[in-house]
Structure formats: C-alpha cells, structure tokens
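Encoded as structure tokens, the structure appears first; notes follow it.
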Amino acid sequence: MFAGIAVTTGLFLAAYLIFIRKDDKIGNYFLGALFLAISLRVGKSIAYFLLPVMADEGVATGFLGLSLIGPLTLFYTAYAASRKSIPWYYYAIHFIYPLVGTVLCFTVVKDEGFTWFYQITTVIMFFYLLKAWKVNTVSTYEHERLAAWNKQILIAVSLVWAAFVYQHLTNSMMDYAIGSGIAAVGIYFVFINALKSPVVFQPAMKVEVSPLYVKKVKEAFEHENVYRVPGITINQLSEQLQIPAYLITHCVKELYKMTFPEAINHFRINEVQSLLLIEDNVKVEALAYDVGFKTPSAFYAAFKKQTGMSPKVFKQTQALKTA
C-alpha cells in the first residue's frame with residue numbers, strides 16, 4: 001500500500017511535468033521521464049511481490065524503467081546546470097542499452113536469468129549517478145533554490161538506487177518488499193519537497209541583475225568587441241568580467257533579447273555588414289575571420305540566418321539602394 005501510493009505519486013509528478021508545466025519544457029521532460037522510469041521500476045517490485053511468477057511484459061517494463069533512471073538523471077542534471085540543448089545523437093547512444101535490454105527481456109532473458117540482468121543494470125545506474133553528482137557539484141546554478149532542488153533529486157534517486165541494491169543483496173520476499181518501501185521513501189521525499197519548492201509548483205523565479213553587471217556586459221560587446229575572439233565562450237567572458245556565467249546570460253537577454261551565442265553572431269554579422277559597405281576589394285572570408293568566425297561555413301550560415309541573403313547579394317542590394 002505504502003509503495004503503491006508512491007508509484008501513483010510518481011506518475012502524478014511525471015504527468016504534471018510532461019503535460020501541464022509549460023516553462024522550461026526540456027528540463028521538465030527529462031524530470032518527468034525520470035519520475036516515470038522510477039515508477040515503472042518500483043511498480044515492477046510491487047507486482048513481483050504480489051505475483052512472484054511474473055509475465056515477460058512485467059519484467060521488460062521494470063527493466064526499461066530501471067535502465068532509464070541513470071541516463072535520465074544525468075540528462076536532467078546536466079541540462080539544469082547549463083540550460084543548453086545537446087544534439088539528439090548524444091541521447092540516442094544512452095538509449096541503446098535500455099531498448100536492447102527491454103527486447104531481450106521479451107525474447108531471451110527468462111526466469112532466473114533476469115536477476116543478473118537487473119543486477120548489471122543497477123551497477124550501470126551507479127556510474128550514471130556518480131557522473132550526475134559530479135556535474136551537480138561543479139556547476140553554477142542560476143538560483144540557490146534550483147541548486148537545492150537538484151540536490152534533492154539526486155538524494156532521492158540515490159536512495160532509490162540503494163533500495164534496489166538492498167533487494168539484490170537479500171533473498172526473502174519480505175526483504176524485497178522492504179526494498180520497495182525504501183524506494184518509495186525516495187519518491188515521497190521528492191514529492192514533499194516539490195510541494196514546498198517554487199522550482200516545481202510555482203512560476204519561474206525572476207533574477208535581479210545588477211545594473212553594474214549589465215553595464216560591464218554592454219561595454220564588453222559594444223566597446224571592447226569581445227565577440228571578435230574566435231570561439232569565445234560565456235565561461236571565458238565570465239572569468240574576464242568576474243561575473244557569474246548565468247548572470248551574463250541574463251544581462252545579454254536583458255540588453256539584446258538574445259542568447260549569448262546569438263548575440264555573439266549578431267555583432268559579428270553587423271560588423272561584417274558595415275565593412276562590406278565601405279570596402280570594395282576585400283575577401284568576405286577574410287572579414288569573417290577578422291570578426292571572430294572560425295570557419296567560412298559558420299559565417300555564411302550565420303549571415304544568411306540574420307540577413308536572409310548571402311554577403312554578395314547583400315552588397316549588391318545596398319549598392320542599388322545608394323545608386
């Protein structure tokens with residue numbers, strides 16, 4: 001009963017984050033999927049306690065949940081720390097094992113064989129957790145409350161992992177049920193803290209940025225031409241200005257209504273446009289390198305995105321306007 005309600009609670013959190021919560025969709029999808037995965041695995045434990053002879057579907061569903069907990073924990077932690085999208089193929093690599101393993105549970109792994117399969121997956125989950133804890137430790141968050149919330153998530157998932165280890169180390173059905181109860185505590189822990197946390201059930205927090213920081217970022221872009229540095233990153237600018245990276249993000253958003261990479265490219269393209277109008281016999285690629293682009297292809301793509309035309313067409317168009 002205790003664990004069963006926890007599974008229902010986990011499914012509620014998953015549904016809320018995936019289908020109802022509108023802001024920060026990527027982070028909510030990861031977190032919602034994580035709660036869903038935990039619920040599937042704990043639900044399998046409850047079913048196994050009630051029905052020791054379990055159908056292949058139950059074994060496969062439980063394995064799918066277990067094998068996804070680790071990757072989803074890492075994905076959520078990494079995204080929450082950086083707020084950067086990662087190429088889809090990075091995620092795809094981590095989903096290969098869960099998908100293949102789930103198919104094997106249907107076709108190859110039978111009876112006692114699924115026990116060692118679950119044990120191996122629990123070990124893999126441990127390494128994902130270690131990586132997630134490391135990412136969380138070295139990251140600088142936009143809000144203290146967000147940092148506290150993500151730490152609570154990692155504590156809860158670690159408790160769930162410990163519950164699964166306990167189940168593997170014991171033999172009796174009663175101990176197996178106790179393990180399910182321990183995992184349920186992790187779900188309740190997250191749910192109770194979610195009710196108190198503005199990160200989950202209240203609107204997104206607004207960051208107050210110091211006018212001094214805004215001024216320093218504006219000077220860096222408009223007077224010091226920081227965008228000319230090839231491959232400049234927000235962390236490099238953070239070190240240069242002695243301003244936390246997440247605050248630079250907010251300053252750029254406030255000043256230019258853009259992300260940091262978008263602002264960098266915007267200023268580079270603006271300078272190239274100005275140079276094209278005053279210099280006749282200059283190679284476009286040379287200008288691209290001068291303003292900070294590392295490759296011609298990156299320059300042409302950015303120029304086309306901002307102006308809707310190629311540099312050559314842009315120059316011809318401007319010449320016609322002034323003729």
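Every residue gets a Cβ built from N, Cα and C, even glycine.
TrEMBL does not curate its annotations; it predicts them automatically.
Residues or ranges marked as domain 'HTH araC/xylS-type' in TrEMBL: 215-317.
Taken from TrEMBL, the feature transmembrane segment applies to 6-22 (among others). Sequence-distant contacts of the transmembrane segment (6-22) (same chain, six or more residues past either end, CB-CB distance under 8 Å): 28-29, 31-33, 35-36, 38-39, 42-43, 46, 183-185, 187-188, 190-191, 194, 200.
Residues of the same chain lying 6 or more positions beyond the ends of the transmembrane segment (29-51) and with a Cβ under 8 Å from any Cβ of it are 3-4, 6-7, 10-11, 13-18, 58-59, 61-66, 68-69, 72-73, 75-76, 79, 153, 157, 160, 164, 167, 173, 176-177, 179-180, 183-184, 186-187, 190. Residues or ranges marked as transmembrane segment by TrEMBL: 29-51 (among others).
According to TrEMBL, the feature transmembrane segment maps to 63-81 (among others). Within the same chain, residues 26-27, 30-31, 33-34, 36-44, 91, 94-95, 97-98, 101-102, 105, 114, 117-118, 121-122, 124-129, 131-132, 135-136, 139-141, 146, 150, 153-154, 157, 160-161, 164 sit at least 6 positions outside the transmembrane segment (63-81) and bring their C-beta atoms closer than 8 Å to a C-beta of that stretch.
Here TrEMBL flags 88-109 (among others) as transmembrane segment. Within the same chain, residues 56-57, 59-60, 63-64, 67-68, 71, 74-75, 117, 121, 124 sit at least 6 positions outside the transmembrane segment (88-109) and bring their C-beta atoms closer than 8 Å to a C-beta of that stretch.
TrEMBL lists 115-133 (among others) with the feature transmembrane segment.
Summarising the annotation, TrEMBL assigns transmembrane segment to 153-170 (among others).
Per TrEMBL, transmembrane segment is recorded for 176-195 (among others). Same-chain neighbours of the transmembrane segment (176-195): 2-3, 5-7, 9-10, 13, 35, 38-39, 41-42, 45-46, 48-49, 149, 152-153, 155-157, 159-160, 162-164, 166-167, 170, 201, counting only residues six or more beyond its ends whose CB sits under 8 Å from a CB of the stretch.
Only residues 6 or more beyond the boundaries of the transmembrane segment (153-170), in the same chain, are considered here, and those with a CB under 8 A from a CB of the stretch are 31, 34, 38, 41-42, 45, 66, 69, 73, 76-77, 115, 118-119, 122, 125-126, 129, 132-133, 136, 176, 178-183, 185-187, 189-190.
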